[in-house]
Amino acid sequence: MSCSVKEPADTCCTPSMGLFVLTQQWYPQLGPEEEFTMHGLWPDTCDGGMGPKDGCDPARHYDDLGSILQQADAKLYDEMNTYWPSYKGDNPAFWSHEWNKHGTCVSTLEPKCLGSDAPQHQDAVQYFRMALSLRRQFNTFAALSKAGIVPGRQYEREQFAAALSDAWGVPVELHCAQGQLEEVRLWMKVRGRDQFVAVPPLSSGGGGGNNGGSCGRMIGYPSKKKKERSDK
């Protein structure tokens with residue numbers, strides 16, 4: 001398991017930054033009506049420190065990820081546009097930011113770890129495949145719905161926290177804006193190269209676990225459904 005030793009012997013087999021944060025977001029104007037969309041999959045150091053603000057390998061900064069993903073895997077490209085949209089409207093620029101800052105810090109995806117016959121840009125392709133797979137595995141909308149928490153209402157913060165903790169076995173971190181749910185963050189460690197295991201946040205300071213992050217006691221969960229106009 002990552003973070004079980006101070007420095008992994010082989011950073012191709014175990015990520016050197018062994019703590020990951022899967023961040024899903026809820027914007028009423030983005031994505032399918034019954035799905036959270038992705039903000040990112042962020043590797044952290046085992047003591048919770050973030051990686052360099054400009055990423056870990058400037059030589060692997062890709063500023064044309066839209067065309068890269070479309071050429072490498074058309075199905076993945078379509079999924080990215082559906083489940084990883086930007087509220088600013090420029091999806092490929094958002095993907096490039098996430099890859100350049102965070103994806104380049106996943107040591108198990110370095111080119112030397114993928115083999116000499118790996119296609120160009122396979123590191124980024126695998127990063128986004130991995131992140132979207134985790135979004136499906138840890139489906140926030142489904143977990144909340146199972147607990148009776150559906151969009152269009154307000155709920156107590158503890159209801160959100162309990163529903164997700166029950167679903168995944170660990171506390172999560174909730175973030176809000178103007179009293180409405182905006183993000184859910186789930187911490188994970190990695191067994192081997194790519195088996196992700198949910199773990200509790202390192203601490204509840206700064207909004208961890210059931211403390212609710214930037215959320216108050218009551219949290220709005222706005223609907224994504226467009227209201228039908230009635231002609232009168």
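The backbone N, Cα and C atoms fix where each Cβ goes, glycine too.
Marked as active site by TrEMBL: HIS39 (among others). If you take the C-beta of HIS39 (active site) and look for same-chain residues 6 or more apart in sequence within under 8 angstroms, you find THR23, GLN24, GLN25, GLU98, GLU183.
The DSSP secondary structure for GLU98 (active site) is helix. Marked as active site by TrEMBL: GLU98 (among others).
The active site annotation in TrEMBL covers HIS102 (among others). The 10 Å shell around the Cβ of HIS102 (active site) contains 24 further Cβ atoms across the protein chains shown.
The feature compositional bias 'Gly residues' is assigned by TrEMBL to 204-215.
According to TrEMBL, the feature compositional bias 'Basic residues' maps to 223-232.
The region 'Disordered' annotation in TrEMBL covers 201-232.
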Around the Cβ of GLU98 (active site), the count of other Cβ atoms that are within 10 Å: 24
